[in-house]
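Asker: Just passing along the structure, written as structure tokens.
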Amino acid sequence: MKIGVLGIQGDVYEHYTAIRPLKNKYKVEAYIIRSPEEINEMDGIIIPGGESTTITRFLSRYINIINENVRNGMKIMGTCAGAIILSKDTGDPRVHGTGIMDIKIQRNAYGRQIDSFIDAVNIKNIGTFNAVFIRAPVIDDPGKTSVLGEYNGKPVIVENENAIAMTFHPELTGDLRVHEYFLRKVMGN
């Protein structure tokens, strides 16, 4: 199984290093995607957290290939800014979502960098997870997605058939269970 981390900007290396320890258990190889053509070789891709306006500027080269592959069954995971990119409605004209997930999301809803925090979130099929929220977005409307976890009554991790989006950063915790959940989704389990 090949998992690619979109190497535009943000926590690229952190996701890459989160996948690598799972190599033997899931027979997975991690790659950093530097060109749109590499997406076609992957079984799943991760859009990392970072700055959503920056990611949007460079995403245009990748968007058609990503959308086509996801329509054809490829699995995708977006964290923080990656969740914004997967959304249908970003609430910000500078940031264009792909519409892969039927969610309405609000950028930087928890405040500025100084307002970042870690708190426990109970995630369906995973359990209690210490989630890292950094200038995190809020999912205002989960649409037709399944809500896997909430924080203060708002969805923070949702999924549909081919995608998982979360407003926190699992790659910064050392806890690999969210990445394992994604790998099982890629495998069809």
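Note: Cβ is positioned from N, Cα and C throughout, glycine not excepted.
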Asker: Determine which of Arg34, Arg71, Arg107 appears in Swiss-Prot for the same L-glutamine site as Gly50, Glu51, Ser52, Ile134, Arg135.
Answerer: Arg107
Asker: Please identify which of Glu51, Glu171 has the densest Cβ environment, defined as other Cβ atoms within 10 Å, among these recorded positions.
Answerer: Glu171
Asker: Radius 10 Å, atoms counted are CB only; among the recorded positions Arg107, Arg135, His169, which position scores highest?
Answerer: His169
Asker: Roughly how many Å separate the Cα of Ser52 (L-glutamine binding site) from that of His169 (active site, charge relay system), to the nearest whole number?
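Answerer: The Cα atom of Ser52 (L-glutamine binding site) is 14 Å away from the Cα atom of His169 (active site, charge relay system).
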Asker: Tell me whether Gly50 (L-glutamine binding site) sits in a helix, a strand or coil according to DSSP.
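Answerer: Where Gly50 (L-glutamine binding site) sits, the three-state DSSP reduction gives coil.
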Asker: Can you tell which of the active-site residues Cys80, His169, Glu171 lies nearest to Arg135 (L-glutamine binding site) in space, using Cα positions?
Answerer: Cys80
